[in-house]
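Report on the following structure.
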Amino acid sequence: MLNAVRQEIAAIADKIVVKVGTRTLTGPDGQLDMGQITSIADQIAGLRAEGRNVVLVSSGAVGAGIGRLGLTERPTDLSQLQAAAAVGQSCLIECYNHALEKHGLHAAQVLLTADDMHDRRRYLNARNTLRALFEYGAVPIVNENDTVRVEELRRSMGDNDRLAALVTNLIRAPLMVLLTDVEGLYDGHPKDEGSKVIPLVRELDEVLEHAGESSNEGLRLSTGGMASKLQAVQISTEAGENVVIANGRRPNVLRDILAGETIGTLFIAAGASVRDRKRWIGWSVHPEGKLRLDAGAEHAIAEEGGSLLAVGITGVEGNFDKGDVVSLVGPSGEEFARGQTNYGSDDVRQVMGEPTERFGEILGSWSYYDVVHRDNLTVLRA
Ligand SMILES: Nc1ncnc2c1ncn2[C@@H]1O[C@H](COP(=O)(O)OP(=O)(O)O)[C@@H](O)[C@H]1O
Ligand SMILES: N[C@@H](CCC(=O)OP(=O)(O)O)C(=O)O
């Protein structure tokens, strides 16, 4: 069934990030399913023929490595798991390349970590490389750099869902599609009788309670379950992009989503598309510290687009330097914004609660009227 909202989103989706989970790419024994890889590659070629640029974020390296090494179970030792990922990653790219070649396209391997997104220079380098790959007509295939980034291979830490959201923010893609083994977000566990797919979500808060873990069957190669997908959805929708979660085994799933069909769950952007630098501040950087604010400061920043003045700061946590990104926390204790600070933590401790007029007297010399200027500040909407 065609849907007007979905058609509007499809019309603006000139860049799309598609994330494919392990469950979509491997069979129950963990072996790569070549039929699935071919189907994803064919569909990406179709989107490119429509003039859309696609970044594929693909899991499956650990599964493919287990298959190629002939292991009968998922290693529990971390270095063996990383070794399996390294073996599997080359198979994965080989398979994608083979499938894309038929369409005259090349697979480009891009291995990233959340730390690469944190570091401003690496972040910009990654963005430039992806742009250049689009110009060459290649298909960037992103996976976590499993060899160096240990947390992602453990359960319940960062994973490819989050990486896909960071890449969506990096290239400002109007649409991210998370392909998995269920039809979308259900209002209960998908295996429970009576659970139904939620077709449209405008307020993420209203559905967070439904997100459960991965079903933990078979080789347990997936990492996050629906909870990690909804965290990824939150990052992208807050930045002003749209997300669909759908079943990656549904024939022509990407083509049909981009035709505006009601497939899976659509999460609508929480507001206008956030500017590039503010995206990096809001979702890519790991904050170095925390500033506690009173209600007046929270209101001025969250509701009126103001800057942060020292007079509204009630507490400082952590040690940070001028230029670092810090979390801004209101009286409720919840983080509501992030910003790049003009003062290091030692100075902020001295001037907090004070009017700017007293900075000279307290600090000796001073340069900035605001502790965080509004141009360097991102309000987290959800
Ligand atoms: N409310 C829910 N709706 C849909 N799936 C859910 C829900 N709660 C938990 N899940 C689980 O999330 C799984 C998908 O996430 P995951 O196993 O990480 O897959 P992938 O490998 O595709 O990333 C589903 O197979 C399902 O078992
Ligand atoms: N880098 C790992 C990805 C693990 C992961 O995030 O899996 P999934 O939850 O299926 O997306 C791999 O390629 O196996």
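Cβ from N, Cα, C; glycine included.
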Annotated companion of D146, N160 at the substrate site, TrEMBL, chosen from S39, S59, S236:
S59
Helix, strand or coil by DSSP: which one applies to S228 (ATP binding site)?
helix
Out of the binding-site residues I have (K19, N160, M226), which ones have their Cβ sitting under 6 Å from ligand 1?
M226
What counts of helix, strand and coil residues does DSSP assign across the domain 'PUA' (289-363)?
26 helix, 22 strand, 27 coil
If one measures from the C-alpha of N160 (substrate binding site) to the C-alpha of K19 (ATP binding site), what distance in angstrom results, rounded to a whole number?
8
